[in-house]
C-alpha cells in the first residue's frame, strides 16, 4: 500500500481507492500492513473476508467481480506475488513525516500474501491513527513494507488457492437491546422472521378454524344495494311479505279467522316454494295419440343451435343434424333415462325439436325419417300461418288435444291446418327466432333461420350437471353442420363455484411467472420465495382481520381476485426495496448493516407507504358504495395491501439481511464466473455461464435503455408527447362521457354474468333470450310496473348492510292510524286522485284489492241493515265511518270477501294488515302503471321520479296517521344501476382526493401533486374509454375494477414525483433525467409483473378473473406510459425548481427524505455535504447554467444537429471543472485557471461561473486509466512531493525502459469497467498517475447525479511512478499506444500552464497481428480542437498545472523524461470496435470513466445486485458494468 501523509495528499490503497485528507485534515502517520491490521477490533476482524481477487466483503461473505475465463487470461503463469519488491519505493510527501512504507530489505516479508485472508472491518477502520477512515480492501497477514506492482492485479490473486466460503463467526458479546428498529432488523433478522412467521401461522389457524369457511354457491349474494332509499324500501317490503301470515307479525286476516284457515292459506301462492311444488306435482297431459308429452316451457333444459357455416338452418341436413346432436349428446347419456319425462315405462318423451315437429306434421315416425319435401311443405305452412300468430289470433290452445281437432270456441278465424297439434304456434313461439317469419322476410324464397331451440324432456337444474360436464364442457359444440352456441340447463350458478376454484390455477401460473421475473431481477431465489410467501401471508392475515377482528360474516367471491392485484403490488414493493438497498450498499459501503437498513427503510418505506396507502385508499373508497359485495371486497383488498406493506417493512428487510449474511453465493450457479474458473467444465457450469451471459446482455441493454435512451426519448420529444397524451385524454373523456358512454348493466340480476362472454351459458342469457318469443313474454317485458304504497311500517333496513343474509326486523310505525274518519276520507281521495294520473293503467278486470277502502265502502253500502246479523256493518252508516265501526266492519268485510268471491289473500295482496290483537297496523295499496318493465335505466328513472314525487307531494297533505307512507315497485335492478353509477364516481373521486393528499404530504409540493393527478386523470379516461370500446358495462365487477384504477395508476406517478423531488439537480432536465434513470427500470419491472399477472388471467372461464386481467393489463400499460411520458414531460416543461410550489414547513415536520433537498438551495447545493447522506441520491451535479439544460448524455442520438465536439466539450467542461476545483487543492495543485470548452464559442459567457462551481466537499475526482507496463528500471520509483511543480518531478521518474512496447495496451486491472453507450472523450494532464485499479467488488447500479448517468465510484487514482503494460490476454488483440498525441495537446504559451483538452474523439489503438505495426484509429475527427489561447471562454478562469517543461508532447515510441506523463483519460461510455481504415485490424478500446467521489465508497457485499461480467464474447469484447 502506498499512503501519503500530508494534509493535501492522498492515500493509494491496494484496492485502488484514494482517501484524501480533505475531509479530515489530520496528518497521516506511518503504518504498515501489520499495524493496520492490528487496529482492527476483534468484532471488526471476524466479520470480514477477502475475495479471490482482493475485494473484501462484509458480514462474512466473499464477493468478487467477473474475471476473464481461462482462455482469456494471460497464457503464462505468473510467479508467486507475495515476495519483496526491491524496486518499489513508497510515495513521499513534501512534508517531513515518516514514510508509511519503508524501503524493503532482504528480510522484509512478501509485499502481499498470496492468500491474503486477513479480515477487514465492516466499519471504517482507520489505517493510520491520524488519518481519516478509509475503506480498507486488503490487509496482508505479514507486514507489507512495499507493494509489488510487478504482477497485474487480477492475476495476482487469480492463481491463489482461496477458500470460497468462510463462515461468519460472531464473537460472544453481552446482550443489549437494539437502539432502533433498523438495528433490530440488522442484528436479529431471524428473530424478526420467526415472530412474523408465528403471527402468520396463528392468524391462519384462527381464521380457518374459528369462523365458517366462505360459501360461493350463490355468486349473486351481496350484489344488491343496501342503505339507499329504494334499497331500504325493498328490504322493508320483503320483510313485510315474509312476516305476513299465520302467527306472524302481520296478517291479512283477523286472528280469530286466521287460526282456522292457517293450514290451507298460509303459503304464498306466488312464492318460490309454491312454484317448485307445483312444478314437481305437475300432472303430465299424456295422451296415447299425442306425439309430444307436453308443451315446451321454461322449466325444461334447452340448447340453441346455429349453422356452422353461417347458412340458414331451414334445410334438411341442418334439421337432421340437430336431431343427431340431441341423440348423441343428451339422450345417450347414462343418466338421461332417470331424468327424462315418460309416457310409458319403456321410453322417454321425445325432444321438442324442429325435426320432430316436421315429422308429426307430415306423419313421419321420427326426425330421421323426414325428407326434403316435408321440409318444404312445413315451410309453406308456416308462411301461411305466420300472420295469424303475429296478430295474436293463433294462440297456444287452438287445438283440442282430447278431441284431436280444432277447438270450435277458440281461434275461429284461424285455418284448421294452422292449429293442428298446436305445432305451428309452438314452432313459431318456442323453436325459431323471432326474425324468422317477420312480415319483411315472409316473401323470401327461403327465410333465414339463424337460430333454433331444442327442448329436452328433462327439467333444468342440478340434475343436468353430469350431462353437461360429460358431453358438453370439453366438446367443441359442433358436428360440422350445426353448432350449439347457447345452453340453458339451470346450472350456471352451481357450476360457477366449481369453476371459481378450478380457475385459481391461472393466478397460480401468474405467481410462478412473476416469481421468475423477480428471481431474474433480484438474482436471489431466496428473496423471491420469501417475497411471494409474504404476499400469500398478506391474504391470510387479511382474512383473519376481516373475519375475526372486523367481524365480517360475508366473504364474496370477488375477494379471491385480491390475490392477483396483490401479486403485482407485492412484487413492486420488493423491487423498490431491493433497488434502494442496492443503492444504499453502494452509496455507503463501509456502513454498518443497521445503518444500511435504516437508510434503506428511510426511503423505501416512504415510497412503499405512498403507493400502498394510495392503492389501499382506492380500495377502501369502495366502502362508500351501497352494494354489499363491493364494500366487503374493498375492505378485504385494502386490508391485504396494508398488511402486505407491514410485511414489506418487517419481513422483507429481515430476509434481505439474512440473505446478505448467510446465503449469498450459496448455490453454484449463482456464484460469479471467476469462482468457477477452476471447476471442471461440467454441463452445469457451462449452462450457468451461458445463463449469466444472456442475463448480463439483457440487463445491460435494459440499463442503457432506462438510463440513456429513455430520458433522451422523453426529453427530446416532450412537446410531441404532451400533445399526444393530451389528445388521448380528450378522446377518452369523450368516449366515456359523451359517446358511446359507459353503459349501465343490461342484464337482470338473475342473469348476472359470471363466465366469460363466449361461454354458452352466458350467450344464452345475453343474446338468445331476446330472440325467442317465449322468453320475451316470460321475461316480463310486457308487464306493467306496479305502484305499491304502504303505510304503517317504517322503511328502515336495520340489518347488517355488510351481510346480505341479515335483513333486520320489521319496524312498525306507532303513529299510524287509518281508523280515524279523517284518514279514511284522505285515503279514499288519494285513490281517486291516483286513478286520474297519467301513469295509472286502467285494467278491464274488476279490481277488489287495489284500493281496499273503495271496496270496503262499496261493501258497506250494499249491506242491508234490516238483517240484524249484519248490524252495525251496513248501509246505515255514512262514510267516513266512526273508528269503532270501521275497525269492526273491516274485519268482517275481509272474511266476507273471501267467502263470497273465493279470492284468497296472500302476503303480497294489497289491503289492511292486522296484528295478533286484530288491530290494523299497516295498509297496502297497489295499482298498475302505464310504464312497462324494462332494463333501460332512463325509463325506470323517469318512472321512479314521476311516481315518487307525486306520492310525496300528496303525503304532505295527509293526516298525521298517514303522513309516513312510501311507495315501492320492481326497482331492484334500477337501484343497482343507480348505485353503480353514483358509487363508482364517488369512489373514484375519493380515491383521487386521497391520492392527491398523499402526494402532497409526501412531496410537499403542490405542482408535482397537481401534475400527478392530471396524469392519473388521463390514465383513468383512457383506460375506461378503452373498456367502453371493448363493450364493458358498468356492472358490479366493472365498478370495482374501475374505482381501483386510481389506486393502481397512482403508483408510477408517485414514484417519479418523489424521485423528482429528491433529485439533487437544480434544473428541470436534470431532475427528470435523475428520476427516470433512478426509478425507471423498477417502474418498468413493476408494470411488467402486474401486466403478466393480468395476462395470465385471460384463459379463465370465470368472468371476474378475465375482466380483472384485462383491466390490469390496460391500466399498467396506460399508467406507465402516462407517468413516464406525460408526467415527466410536464415536469420537464413546467416542473418546479428550487422552492417553487413548495409548502413551507418547520424542519421538524419535514420528512427526513426531503430535509436535505429542502434545505439546500441551488446556490449552496454544491457546498452541501448532506447529499451523500441520503440513500436516494449520490453526488449532486452541482449548479448548472441555463446553457446546460438542453444537453444530456444521448444528445447525438436525440438530435442530428448536436455535434460530437459540442457534446464532448460540454462534458469535459463540467468534468474537468469539477475535478480541478474540488480536487486540485486536495492534491496540492493550485487552481490557477478554469478549463473552457469549445462550447463556449457559441454560448459565450454564461458557462464560466456556473460550470466552475463544483461541490468542493463532494470529493469528486476524475479517475484515470493509465498505460500499464512492466518497468524494470530500478530508478523508476522516486519520491514525489506534490506541489506546484509536481509534474517536473514526474519528468525524472520515468525511464526509456518504461515506455510502451509493442505489446502494451491500456488495461483495467481486473478486467471490469463501466461503459456507456456514447462516445465521449475527455483527456487532460495532471500529476503523474499510473496504476489504475477498478474495484473488483463493484456490484450494484450506481447513478451519480453528476452527469445524469450511473457510473460506479470504483476507479481510483494511483500516483505510482511506473507505467505497466500487460501482455495480451489469450487470443485477444494486442493493443498499443502508437501514435503521438502531441497534436491533441495545447501549445503552451508558458511552461507552467496547460488546460484540460478534449480530443473530441475516442482513440483506439490498433495492431497488425502479423507485422506488429501499430496504428491509431479514431472514431471521430479531432480537428475541432484548438489551442488554449483563442478558444477559451473569457468568463471562466483557467485551470493550470505548473510544469517545468515547455515541451508538452508525447513521443510515439518513448516517454521522455522531460515530458509530462499523465494521461487524463476521462472517457464516458463504451467505444465500439472498429477496423482501421486500411487494413483489417481489431481495435482495442479505451474505457471511459467519470468524475466521482474520492472517498472510495465501494460496496462491501453484494446485496442481490446483478453480477458483472467481462467476457470477450459479449458485445464485441466490450467492457461493461452491469447496473440493472
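Note that Cβ sites are derived from N, Cα and C of the backbone, with glycine treated the same way.
Feature annotations, reproduced from Swiss-Prot:
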{"type": "DOMAIN", "residues": "486-658", "note": "domain 'SSD'"}
{"type": "CARBOHYD", "residues": "59", "note": "N-linked glycosylation site"}
{"type": "CARBOHYD", "residues": "582", "note": "N-linked glycosylation site"}
{"type": "TRANSMEM", "residues": "190-210", "note": "transmembrane segment"}
{"type": "TRANSMEM", "residues": "500-520", "note": "transmembrane segment"}
{"type": "TRANSMEM", "residues": "525-545", "note": "transmembrane segment"}
{"type": "TRANSMEM", "residues": "549-569", "note": "transmembrane segment"}
{"type": "TRANSMEM", "residues": "604-624", "note": "transmembrane segment"}
{"type": "TRANSMEM", "residues": "638-658", "note": "transmembrane segment"}
{"type": "TRANSMEM", "residues": "719-739", "note": "transmembrane segment"}
{"type": "TRANSMEM", "residues": "988-1008", "note": "transmembrane segment"}
{"type": "TRANSMEM", "residues": "1010-1030", "note": "transmembrane segment"}
{"type": "TRANSMEM", "residues": "1040-1060", "note": "transmembrane segment"}
{"type": "TRANSMEM", "residues": "1079-1099", "note": "transmembrane segment"}
{"type": "TRANSMEM", "residues": "1107-1127", "note": "transmembrane segment"}
Against the transmembrane segment (719-739), which of these stretches has the most C-beta pairs under 8 Å: 549-569, 638-658, 1010-1030?
1010-1030
Are the transmembrane segment (190-210) and the transmembrane segment (549-569) near each other by the rule of at least 3 C-beta pairs under 8 angstroms (pairs 6 or more apart)?
no
Measure from the Cβ of residue 582 (N-linked glycosylation site) and count the other Cβ atoms within 10 Å, all protein chains considered.
24
At an 8 Å Cβ cut-off, counting only pairs 6 or more apart in sequence, do the transmembrane segment (190-210) and the transmembrane segment (1107-1127) clear the bar of 3 or more pairs?
no
Counting only residues 6 or more past its boundaries, what in the same chain has a CB within less than 8 Å of a CB in the transmembrane segment (638-658)?
185-186, 189-190, 192-193, 196, 526-527, 530-531, 534-535, 537-539, 541-542, 545-546, 550, 562, 565-566, 569-570, 573-574, 577-578, 581, 593, 597, 600-601, 604-605, 608-609, 612-613, 615-620, 1503-1504
Look over the recorded stretches 525-545, 604-624, 1107-1127 and say which has the most C-beta pairs under 8 A to the transmembrane segment (988-1008).
604-624
Segment proximity, the transmembrane segment (1040-1060) to the transmembrane segment (604-624), 3 or more C-beta pairs under 8 Å:
yes
Would you mind listing the long-range same-chain contacts of the transmembrane segment (525-545), meaning Cβ under 8 Å and 6+ residues beyond its ends?
196, 199-200, 203-204, 206-207, 511, 514-515, 518-519, 562-563, 566-567, 570-571, 574, 578, 636, 639-641, 643-644, 647-648, 651-652, 655-656, 658-659, 663, 667, 670, 1504
Near the transmembrane segment (1040-1060), which same-chain residues lie under 8 Å Cβ to Cβ, leaving out any that are not at least 6 residues past its ends?
558, 565, 569, 572, 576, 606-607, 610-611, 614-619, 621-622, 625, 630, 633-634, 637, 983-984, 987-988, 991-992, 995, 998-999, 1002-1003, 1005, 1008-1009, 1011-1012, 1015-1016, 1019-1020, 1023-1024, 1027, 1034, 1071-1072, 1074-1076, 1078-1079, 1082-1083, 1086-1087, 1090, 1107-1108, 1111-1112, 1115-1116, 1118-1120, 1122-1124, 1127-1128, 1131, 1135, 1153, 1176
Averaged over the domain 'SSD' (486-658), what pLDDT does the prediction give?
89
Hey, does DSSP put residue 582 (N-linked glycosylation site) in a helix, a strand, or just coil?
helix
